Amino acid sequence: MQTQCTVLQLLVLVALCSCGGILKEKYFQKGVDYLTSHIPIPVVKDVVKSAAKQLVHKISKNQQLCLIVDTVQWCNKSCLAAENKEGYCHGTKCKCGIKVSY
């Protein structure tokens, strides 16, 4: 039960991290360290800690909610406003005027 509660708290941290701008990534990484220290099984603790840190890092690098596809059109709108070019999601990055080649 304690492990499930800790994993749930980690998911809440990841959700907050995806909001961006409110807090820096390092604060979420410290939260991951604190929460995973409460998992009693060492192997599970290490796996969950590693996965959560990678997830927090990837989500915090996200631009305009890009996740391979621009589902909410924020990338396109920001590029049209800034450079008057179409915006395309390249993984988690938004690039203006550069089409995806894959």
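Quick reminder: no glycine exception, Cβ is built from N, Cα and C everywhere.
Annotation source Swiss-Prot lists disulfide bond at CYS66-CYS89 (among others), citing sequence analysis.
Annotation source Swiss-Prot lists disulfide bond at CYS75-CYS94 (among others), citing sequence analysis.
A sphere of 10 angstroms centred on the C-beta of CYS96 (disulfide bond) encloses 16 other C-beta atoms. Per Swiss-Prot, the feature disulfide bond maps to CYS79-CYS96 (among others); the stated evidence is sequence analysis.
Among the features that Swiss-Prot reports, domain 'BetaSPN-type CS-alpha/beta' is placed at 63-102, with the record citing sequence analysis.
Per Swiss-Prot, signal peptide is recorded for 1-19, and the stated evidence type is sequence analysis.
Checked against CYS79 (disulfide bond) by C-alpha proximity, the disulfide-bonded residues CYS66, CYS89, CYS94 yield CYS94 as the nearest.
Cα of CYS75 (disulfide bond) to Cα of CYS89 (disulfide bond): a span of 7 Å.
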